[in-house]
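**Student:** Structure in structure tokens, see below.
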Amino acid sequence: MSNIRPDEISSILKQQIERYNESVKIENTGTVLQVGDGIARIYGLDNIMAGELLEFEEKTIGIALNLETDNVGAVLMGDGRDILEGSSVKGTGKIAQIGVGDNLLGRVLNALGNPIDGKPNPNSTDYRLIEFNAPGIVSRRSVCEPIQTGITAIDAMIPIGRGQRELIIGDRQTGKTSIALDTIINQKEENVICIYVAIGQKASSVAQAVTLLEEKDALKYTVVIAANANEPATLQYIAPYTGAAIAEHFMYKGLATLIIYDDLTKQAQAYRQMSLLLKRPPGREAYPGDVFYLHSRLLERAAKLNNELGGGSMTALPIIETQAGDVSAYIPTNVISITDGQIFLSSDLFNAGIRPSINVGISVSRVGSAAQIKAMKQVAGKLKLELAQFDELQAFSQFASDLDKSTQAQLARGQRLRELLKQPQASPISVYEQIPMIYAGINGFLDDIKIDRISLFIKKLQECLSNSYPHFYEAIKESKQLSKENEEVLKKAITEVKKNLSFI
């Protein structure tokens with residue numbers, strides 16, 4: 001029998017120890033105590049983060065929202081019908097994130113970024129957190145470039161700048177979505193990436209919007225995120241943050257983006273449902289105490305970045321639905337205080353055939369006027385005041401038996417200006433075509449034209465300027481202002497059109 005040498009044994013043991021590379025995987029696991037109504041109560045999960053993604057035994061994903069002393073309250077991102085009491089849950093160690101990139105353009109996705117348009121899965125290589133901190137004060141610059149909506153009433157009186165948050169507010173069926181979609185359609189020549197987030201809507205309404213964008217060749221630069229009415233409240237709650245993450249990807253690449261949240265009332269209702277089921281204390285209108293933070297952290301992500309960060313921008317157009325025009329309700333007042341202005345749509349104006357049904361008196365843009373082009377400022381400076389005075393006079397004239405000539409003239413001009421601002425859906429007008437229209441109206445050139453023929457006159461005026469004076473539009477595009485020479489050309493064109501069509 002050969003002698004066993006101790007040094008050989010020790011060297012073999014050392015080699016074995018060095019080769020040993022078994023990694024220990026520690027999993028944070030828990031047990032389902034209770035499940036129902038899209039909520040799960042879980043025992044265990046001691047080292048879980050707030051907002052961490054959880055994976056249930058049957059592969060449903062949830063988000064940990066309530067971290068209590070003896071259990072964790074989680075919301076489910078599916079129906080959760082196969083989750084059983086006593087089944088295991090594990091923490092993923094990840095916060096919700098979404099794949100981003102150029103391959104999302106033209107796609108319709110759900111709130112988790114999965115395609116629902118029947119096309120192949122967009123294999124994204126870049127990922128962004130759904131919840132992300134808004135840019136700080138130093139990272140931003142003031143709003144200085146316009147975002148043209150193509151809607152004359154907005155571009156002239158309530159201008160929106162890149163990086164602004166402008167609320168669209170009104171009752172149901174007053175044309176809020178139409179304004180948002182028209183704005184997307186008008187970005188075709190503007191090189192703006194658009195994200196449309198549909199929250200809690202009927203699938204048929206979303207399909208209609210997608211079809212319209214496709215017909216107008218606008219889907220190629222748009223991403224649609226849809227969390228339909230039949231989907232869990234969790235998905236309706238996170239859909240706006242998913243949209244914001246996609247917009248941020250393009251913004252930090254130096255591009256201009258436009259995001260529409262249609263509508264945040266439904267997101268707040270979904271969040272209220274989740275909070276009440278999680279037994280969080282209810283506040284005003286049964287909303288939880290942090291419902292203001294729900295919207296503020298979302299809308300603060302819209303910004304115009306400084307040049308060091310690439311100069312990109314995210315413009316947000318949140319939509320809020322009111323009940324019987326009540327803008328003093330909880331959610332409307334919250335969002336009005338967060339945003340940089342609001343476009344108020346009136347059901348009375350809508351029913352009177354004035355579309356878009358914008359109530360000029362209480363609509364305002366707090367920062368957009370700095371971004372308005374000089375030519376529009378020159379011609380539209382008095383437009384808002386004229387229309388506000390007209391509304392006041394019109395209300396007064398209903399009770400007055402005889403009116404003096406100056407009042408009659410003011411009423412006549414107001415009616416023509418209002419007619420001028422009427423615009424059919426999905427037919428945006430470029431800002432350069434809006435300028436001659438407003439100039440003609442505000443300077444009294446339409447006062448002697450019958451109201452029912454104003455739209456025809458405007459059409460002929462634009463044709464005349466395009467065909468006979470093509471340099472007119474080119475000069476405005478270059479200089480962004482209406483020079484004395486161009487003003488004379490415009491007056492000449494107006495006189496010609498009036499003469500040819502014998503309007504007087």
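Numbers run from 1 along the shown chain.
Backbone N, Cα and C atoms are what each Cβ position is placed from, and that goes for glycine too.
In case it helps, Swiss-Prot gives these features for our protein:
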- GLY170, ASP171, ARG172, GLN173, THR174, GLY175, LYS176, THR177: ATP binding site (BINDING)
- SER363: site 'Required for activity' (SITE)
**Student:** For THR177 (ATP binding site) and SER363 (site 'Required for activity'), what Cα-Cα distance in Å is obtained after rounding to a whole number?
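**Tutor:** Counting only the Cα atoms, the answer is 17 Å.
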**Student:** Which is it, of GLY170, GLY175: the one of these binding-site residues whose Cβ has the most other Cβ atoms within 10 Å?
**Tutor:** GLY170
**Student:** For SER363 (site 'Required for activity'), name the DSSP secondary structure in the helix/strand/coil scheme.
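**Tutor:** Once the DSSP labels are grouped into three classes, SER363 (site 'Required for activity') ends up as coil.
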**Student:** Where among the recorded positions GLN173, THR174, THR177, SER363 do you find the Cβ with the fewest other Cβ atoms within 10 Å?
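**Tutor:** Per-residue Cβ counts within 10 Å for the recorded positions GLN173, THR174, THR177, SER363 bottom out at GLN173.
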**Student:** Run through the Cβ atoms and count how many others sit within 10 Å of the one on LYS176 (ATP binding site).
**Tutor:** 25
**Student:** Any idea what the Cα distance is from GLY170 (ATP binding site) over to SER363 (site 'Required for activity'), rounded to a whole Å?
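**Tutor:** Rounded to a whole number, the Cα-Cα distance is 11 Å.
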**Student:** Tell me which residues of the chain lie with their Cβ under 8 angstroms from that of ASP171 (ATP binding site), as long as they are six or more apart in sequence?
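**Tutor:** GLU321, THR322, GLN323, ALA324, GLY325, LEU345, SER347 - these are the non-local Cβ neighbours of ASP171 (ATP binding site), listed in sequence order.
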**Student:** Helix, strand or coil for LYS176 (ATP binding site)? Use DSSP.
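**Tutor:** DSSP call for LYS176 (ATP binding site): helix.
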**Student:** Under a criterion of Cβ-Cβ distance under 8 Å and sequence separation of at least 6, what residues of the same chain contact ARG172 (ATP binding site)?
**Tutor:** GLU321
**Student:** Residues other than GLY170, ASP171, ARG172, GLN173, THR174, GLY175, LYS176, THR177 within 8 Å, Cβ to Cβ centroid, of the ATP site?
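**Tutor:** Residues close to the ATP site, other than GLY170, ASP171, ARG172, GLN173, THR174, GLY175, LYS176, THR177: GLU321, LEU345, SER347, PHE350.
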